[in-house]
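Engineer: Annotations for this protein, taken from TrEMBL, read as follows:
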type	residues	note
COMPBIAS	1-18	compositional bias 'Low complexity'
REGION	1-31	region 'Disordered'
DOMAIN	45-80	domain 'FCS-type'
REPEAT	141-245	repeat 'MBT'
REPEAT	253-349	repeat 'MBT'
REPEAT	351-456	repeat 'MBT'
REPEAT	464-560	repeat 'MBT'
REGION	558-654	region 'Disordered'
COMPBIAS	574-595	compositional bias 'Basic residues'
COMPBIAS	643-654	compositional bias 'Polar residues'
REGION	668-692	region 'Disordered'
COMPBIAS	673-684	compositional bias 'Polar residues'
Amino acid sequence: MFDGYDSCSEDTSSSSSSDESEEEVAPLPSSLPIIKNNGQVYTYPDGKSGMATCEMCGMVGVRDAFYSKTKRFCSVSCSRSYSSNSKKASILARLQGKPPTKKAKVLQKQPLVAKLAAYAQYQATLQSQAKTKSAVSLEGFSWGNYINSNSFIAAPVTCFKHAPMGTCWGDISENVRVEVPNTDCSLPTKVFWIAGIVKLAGYNALLRYEGFESDSSLDFWCNICGSDIHPVGWCAASGKPLVPPRTIQHKYTNWKAFLVKRLTGAKTLPPDFSQKVSESMQYPFKPSMRVEVVDKTHLCRTRVAIVESVIGGRLRLVYEESEDKTDDFWCHMYSPLIHHIGWSRSIGHRFKRSDITKKQDGHFDTPPHLFAKVKEVDQSGEWYKEGMKLEAIDPLNLSAICVATIRKVLADGFLMIGIDGSEAADGSDWFCYHATSPSIFPVGFCEINMIELTPPRGYTKLPFKWFDYLRETGSIAAPVKLFNKDVPNHGFRVGMKLEAVDLMEPRLVCVATVTRIIHRLLRIHFDGWEEEYDQWVDCESPDLYPVGWCQLTGYQLQPPAPQTSRESQSGSSKQKKKAKSQQYKGHKKKRKMPVGKKPVSLSSLPMTGGVRRSLSGDEELTPPPYRTLPAQTAPEAFPPPSTSREFSPSLKTVTPLQLKEELLDGEEYSFLQGASDQESNGSASYYIKQEP
């Protein structure tokens, strides 16, 4: 467990470093000055003057390249050889259980030129890191600083079943110990030390090195799923050195005893944690797969699109007719907006026939089993009928729940919904919701839960009353028993931070906050923006992610809007909102956009009225029957996430016996020391009145 730890101080003659001989030496920068010494040519790392002679072997070289702060020896082996008979060497031998042998890797002597190269590379790395840090601090965003400075809390990873490790996060919590790189060390090689989790924020953990007690001066944030985070014992198994931070290296004389005392009975990550992280980030959707996806210009129909790229389970889909591949759409692989080829015809949904009739090379139909499954429903008994009224989230204005009407009943439980007072004459803005969708609600839902209901456009009898409206329109409300009333124990709380997709610009993933919880319905606020940009989202939406998801998957995170941006938009945001019309182009957000093409936005969809091209009979057909992948080349089946936890590893507990076995494990060990709203969350009644 403590492989590579050394009790000798870095500033003494017996200081040591274990990995110098293992590091790959990079070529020296040509810009460094040249120094000739004893007939050999050396590159001097920093241009300073000063030579030194090794007290053991007599090697003469550049002083700054010599070992330890005293610069008395040219290498680790010379340092140890010189002090082999000293009292300090005897103490070291007792700590290790045996004197160091020639087999130990740390005794492999390095040529001076190799040490010079390693030193130069180390100095260049430090300079590069300093430049990068200063540059990022001006424009970058740090979740750790954001959470610390405002005392925020983040939604736990277990709230996001579709995210990596969402179903197998286990009991990772505060006080769990891990082995991490030691950044408070002057050694040019990569060394590790043990740290404990002080605070969790999604995937991110605030860590504190063992030995700092209540001192938070060197606390740091990191992604717990990162490649440099390991369970206690990993260094021992991998032959990596454990080196206490330079700040506290003189705090204890016997670091081994200290670690044994502190770690006995402590919890650490499961041994297969990194493997589980890797497995949970394997996605079944691959580029060149064909799918049916909603047409962003006519919500009432679908089109064929090709998977262009996959990032963290999010798909960039390019519509098949797009020759320059700029007509695209972003969504998650478990989004209800995408379906297998042939889905539209099977349920009677409108479909735009592709102009491309010839099979494109390399394109193949996505296997149906890869898509998210919807709950089976029985339509034989009492069921939804055309003309029934309900309340629904407006897909073109996700901050509003509106008066809506069922316009068409499709097969397999799917419904075409229209927003009253804002529908296009040809129904091109009808939207398809499944009967079990958490985005549709029975009449009276908003009133019971104190949510503002958006009345039909042009309706003058305000405040809106459902009883009067149903009587005036001669309509009936959809039966309450037909709606989805399941409320999972999702774990969200008001005020929790997360990363959320702006569904009006689905390419963007933004810093966000949960501001309201109504059963399974979440009100998502995008930090730094006006409330009019808030969106109602289901608690199990695949467009919500834990803090740190963007960093883990390599996706770009949109930080909170700066104060200048908020001020510049304040004038327009206070004006009266535009009503839906043929010219409506959605929210005119002034967020800072990534450099590149404009993101796809549902907000650009035409809204109502006007003359529109009617859907022809050809558009009701399915796409050409391209063959699917042969069985032997079909991608591995990955079932959609379930709401139950499929895997729940327990944290590994460090035992005294384990510590003793690892500490006494023979010659492989060398020890080094270097320099309030009451919100519903559970199975309670779906219609209990909620506080605002």
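Every residue, even glycine, has its Cβ placed from backbone N, Cα and C.
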Engineer: Could you give the mean pLDDT over the repeat 'MBT' (351-456), rounded to a whole number?
Structural biologist: 93
Engineer: Do you know the DSSP helix, strand and coil residue counts for the repeat 'MBT' (141-245)?
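Structural biologist: Residue counts for the repeat 'MBT' (141-245) by secondary structure: 16 helix, 30 strand, 59 coil.
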Engineer: DSSP-wise, what's the residue breakdown of the repeat 'MBT' (253-349) into helix, strand and coil?
Structural biologist: 22 helix, 36 strand, 39 coil
